[in-house]
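Colleague: The annotation signal peptide is assigned in Swiss-Prot to 1-17 on the grounds of sequence analysis. Per Swiss-Prot, the feature N-linked glycosylation site maps to Asn30, Asn272; the stated evidence is sequence analysis. The feature active site, proton donor is assigned by Swiss-Prot to Glu219. Sequence annotations record features per position, and here Swiss-Prot assigns active site, nucleophile to Glu320 based on similarity to another entry.
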Amino acid sequence: MIRRLAAFSALSGLATAWLPEVNKKITSTNGTNLFTSSNGKIRGVNLGSQFVFEPWIAEKAWSDMGCGGQKSEFDCVSRLGQANANSAFASHWGSWITQDDIAEMVSYGLNTIRVPVGYWMREDLVYSDSEHFPQGGLQYLENLCEWASDAGLYIIIDLHGAPGAQTPQNPFTGQYAPIAGFYQDYQFERALKFLEWMTTNIHQNDKFRNVGMLEVVNEPVQDAGKVGSMRSSYYPNAFKRIRAAEQSLNIDRNNYLHIQMMDRLWGSGDPNESLTDTYYAAYDDHRYLKWASVAVSKDSYISTSCSDQLNSNTPTIVGEWSLSVPDNVQWNSDWSPDSNKDFYKKWFAAQVTAYERQQGWIFWTWKAQLGDYRWSYQGGLLLTRPGIGDQQVLTL
């Protein structure tokens, strides 16, 4: 079981780095340490649409739930009614990511999962007269984390959907909100209560034993001037409340959770700006060249990824990335996933190499219904060479 990430240099060749198992090893129930082959680097996948459904990822599953045509979980629950929605989402939670998926991840050398969740998993935080979210998700999160812990995977739980929505018009917040309503004291307080509750669950429930990191909000607005209160109030209070919850349980400092924030490169300002204590702080960066200011050519993408340094707050995990390219070219002959597999393999290797200059990477996402491996690790291309960290894959 791991809670601690610490300084390390010998294996990586970097001046400083950190390894999940320096102080506490993660092992599966049969004693396997998945981090040995990766020299301690995080190599993982996101479990997109498991607990925060993004309809674009899996339109068929969304439609089968009775949610077709709805933009978000909030909208679907409003349409179906609470009881019918609870039944539909329970069926989804029990089938989208299974124990077989966890075993498949391990078989291909992955060692980490990032689990997006919404604040509504703590059901007493939901305003019953105005908010509509599925109920009953916690037991499915417990089961998932138990499977992953038994398999030896490291687990990051990510507050993907914040109260009021941290960004507008995006289903990854759980609601298709017209404005970003998160950046207010009363919404911060709801998120802080979620973090306290989640922290307590993690430390008291053995099923969560491999959860070592809690991300306090995913992808806030990329405008530092608009989210100053997040840096001055929410981030420092998140540290205080999480640590207070741990202290109330008499958790040893070595067993504290890492507290993760988006890094400075994300564009929401320096997360450390108002922090007085960064003990066990960690950082997240998301790197999608699809939307970056990069020339749209294969040479440019390879060159950019090979030279990516992503030097910002440390330690940083590249917590989301993909192989997708701009919408206007993604299906033409020069970029088609079927006829350009050699390029995508090289680009995958270039990105992996760059992100392992930091602490590692988590691909978005494990599973999709797009018929496009550029968004789905399980989709096939990325699994053609078991042991993703071997030299054949990482050498261009």
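Cβ atoms are placed via backbone N, Cα and C, with glycine included.
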Colleague: Nearest to Asn30 (N-linked glycosylation site) by Cα distance: which of the recorded positions Glu219, Asn272, Glu320 is it?
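Modeller: Nearest listed residue in space: Glu320.
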Colleague: What is the number of other Cβ atoms found within 10 Å of the Cβ of Asn272 (N-linked glycosylation site)?
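Modeller: Here the count is 17.
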Colleague: How many Å lie between the Cα of Glu219 (active site, proton donor) and the Cα of the residue listed as 'active site, nucleophile'?
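Modeller: A Cα-Cα distance of 10 Å.
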Colleague: Looking only at Cβ atoms, how many others are within 10 Å of the one on Glu219 (active site, proton donor)?
Modeller: 21
Colleague: Using a 10 Å cut-off on CB atoms, tell me which of the recorded positions Asn30, Glu320 is the least crowded.
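Modeller: With the recorded positions Asn30, Glu320, fewest surrounding Cβ atoms within 10 Å: Asn30.
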Colleague: Provide, as an integer number of angstrom, the distance between the C-alpha atoms of Glu320 (active site, nucleophile) and Asn272 (N-linked glycosylation site).
Modeller: 21
